[in-house]
Structure formats: structure tokens, C-alpha cells
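Q: Mind having a look at this structure? Questions to follow.
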Amino acid sequence: MATPEEKAKALEAALGQIEKQFGKGAIMKLGETQKLDIEAISTGSLSLDVALGIGGLPMGRIVEIFGPESSGKTTLTLSVIAQAQKAGKTCAFIDAEHALDPIYAAKLGVDVKELLISQPDNGEQALEICDALVRSGAVDVVIVDSVAALTPKAEIEGEMGDTHVGLQARLMSQALRKLTGQIKNSNCLVVFINQIRMKIGVIFGNPETTTGGNALKFYASVRLDIRRVGSIKNGDEVIGNETRVKVVKNKVAPPFRQVDFQILYGEGISRNGELIELGVKHKLVNKSGAWFSYEGEKIGQGKTNAMKWLAEHPEQAAILEQKLRSELLANPEKALLADLEAESESNISEVESDF
């Protein structure tokens, strides 16, 4: 029988062989804080950047963002484009759904004059355009919206009642086999937006699945499940959504982190709201009763007023964001512990309210 030392050596050898064959990050310990040194593009959400482990979405990789309708998928990708453009990167949007609103995109901070956009006629054309952009080496971010709208040419040219079994899945599988190597070589971030469908006849387990077959699940380095979990109201008026994102797959850092943030209509991700919440959680912003204070100065009674103060003082907001980003990305275990503490405190308060 093998000794513990021999088992440890055998495990180390096996892990080394796997990383040599499939690349660094193919396997890691769940609680491991080590991350790959990969360039990242911010998502526009500080908490999501921290949950991803490297400060955003990884360059040179494929990312899938999926969720139900009106959950914030396109808003999140437009936020990624806005952040990439601020960093001087070239972005392209392949609008297979033919539904991109340039006015809304501009409100989220996207420079629509510089954004490359294509509205292809069929799935083959969309993926050929994506391939050409990636191969050029001149485009840094490509968004495909969405996989469900990548309709094969044969289906478009056929009759309405014709059956085309597995056409879209085969199309995606072939395209990803071609794309994946070029994406790595050109250091381009390719984001596929996907929709959710229900599997028929599933009694046990999750009946939800994504469109386009299984190929994208395997080729994606990061998969984000985005959901709308509530509404934000100003009186009786709904002004935004409470959004939850779970990192269901992550090849560049430990997966399964979950974050909540707000998406405000016409504004996008509430950056100042996140700064207040994360600042309180990590002791950079003090909360006493309903009052919030930052560096000894009271900044507002209630979260809304504190957010207004940050909006009126962008320099202070930028400093607070930089402090949080550097502290949490340098110490991901601290961020995880703070999340667990906050969750336990909320559970305790729920139990107390029940009594």
C-alpha cells in the first residue's frame, strides 16, 4: 500500500502532466488563491471583477454569458466594451439578433462612433466575420449576440416546417475548433451571449440548458450565469434590477463565486452603489445607523445620498475604487471571507426577525 508521501508525489506528477498537456489552469485546488498572469478587461462591476479572480474577463479566451430574457446579458457585454474602449482597445459587436440600440449603448459609455458592428444574414456569415476579425489581430474584443440567433443558412433557405436536427450545434462545434487557436494567438477576447432553453421531460436535476450544443461549454474559459433577482424601486416606479452573477466555470482562477449588483435603467451597472457596499464590507466606508462616512467625513444619510456624494466627488470615488481593487485582487481570500461573514450576518438578522 502506498504511503502518504508516495501518494503526494504521484499526485504532484499527475497534476504536472495534466498542466503540461492541457495548459496551466486546466486543474487546480478549489481553495487555491493562485491565479494566472493574464491580461483582463474589466466588466464594469468591481465585485464581478474580484469574483473572476484576475480583475475582469481574460484576453485571448472565449467567454460565455448566459441567462433568461431581460437578465442583463447585453448590458453586461456593452459595459465590457465601454471599459475596453477606455483602455484604448478596438471592439466589434456581431449583432445576430439585429436588436442593438445605439442610444442605449452610448448611455452605458460605449463610443458608438468607434464600435465596429455587423448584422449578418445567417450563422455561417456571423462566424466567418468573427473569424476574420480575430485573424486580423487588430481587434481586441468581439461580442457575438447571440448564439441562439446564429441560424444556419440551410434553415433560413428551407421551408418553415422543415426539421434540421443538430445543424446549429455542428456549426458551433466546427467554428469553435477553427477559432480557439486563433483567439489565443491574437490575444482577442471573444464573448458569446447565449439564451436558456428548457429540456423536455426532465424530472430530476436542472431542466435548463443553453442553445448551440455542448461545444461552447467546453471551449469557454469563463462561463457566467446572470439572473434578475429583484427590482429597484423609487417609490412605485421601477428604476432598475437587482442582478446576480455566478461564475459557473473559470479556467483562470477558482470558480463558483457569486456576486450581486444593481443595473439601473438608462445607466447600466451602478458603480457607486457597489463602491458603498464593498466599502462597508471591507471597512473602508463606515456605517453608523443610516449614516455613511468616508475618511472621517459624513457622506450621506442612507445609501442613495451616499451614492450621490460619490457621483459629485469622482476623484474620491476613483481613489476608493482603486483601494478596493488593489486590496481585493491582491488578497482574494480576504474577499471570500468578507463575503462569508456578510452572508452569515444576513442569515442571523433573518433568524432574529423571525422571532
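Cβ from N, Cα, C; glycine included.
Look at Swiss-Prot and you will find G67, P68, E69, S70, S71, G72, K73, T74 tagged as ATP binding site, backed by sequence analysis.
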Q: Report, as a single number, how many Cβ atoms besides its own are within 10 Å of the Cβ of S71 (ATP binding site).
A: 23
Q: Based on Cβ atoms within 10 Å, give me the single least packed residue among the binding-site residues G67, P68, G72.
A: P68
Q: What are the other residues, in sequence order, whose C-beta lies within 8 angstroms of the center of the C-beta atoms of G67, P68, E69, S70, S71, G72, K73, T74 at the ATP site?
A: I226, R228
Q: For T74 (ATP binding site), what residues in its own chain, 6 or more apart in sequence, show a Cβ-Cβ distance under 8 Å?
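A: Set apart from T74 (ATP binding site) by at least 6 residues yet with Cβ under 8 Å, we have A99, L100, D145, I193.
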Q: Three states by DSSP: which one describes K73 (ATP binding site)?
A: helix
Q: Same-chain residues six or more away whose CB lies under 8 A from the CB of K73 (ATP binding site)?
A: I65, F66, G67, D145, S146, I193, I226
Q: Starting from the Cβ of E69 (ATP binding site), draw a 10 Å sphere and report how many other Cβ atoms land inside it.
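A: I get 8 for this one.
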Q: Using a Cβ-Cβ cut-off under 8 angstroms and a sequence gap of six or more, which residues of the chain neighbour S70 (ATP binding site)?
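A: In sequence order, the residues whose Cβ lies under 8 Å from that of S70 (ATP binding site) (at least 6 apart) are R228, N241.
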Q: Under DSSP, is P68 (ATP binding site) helix, strand or coil?
A: coil
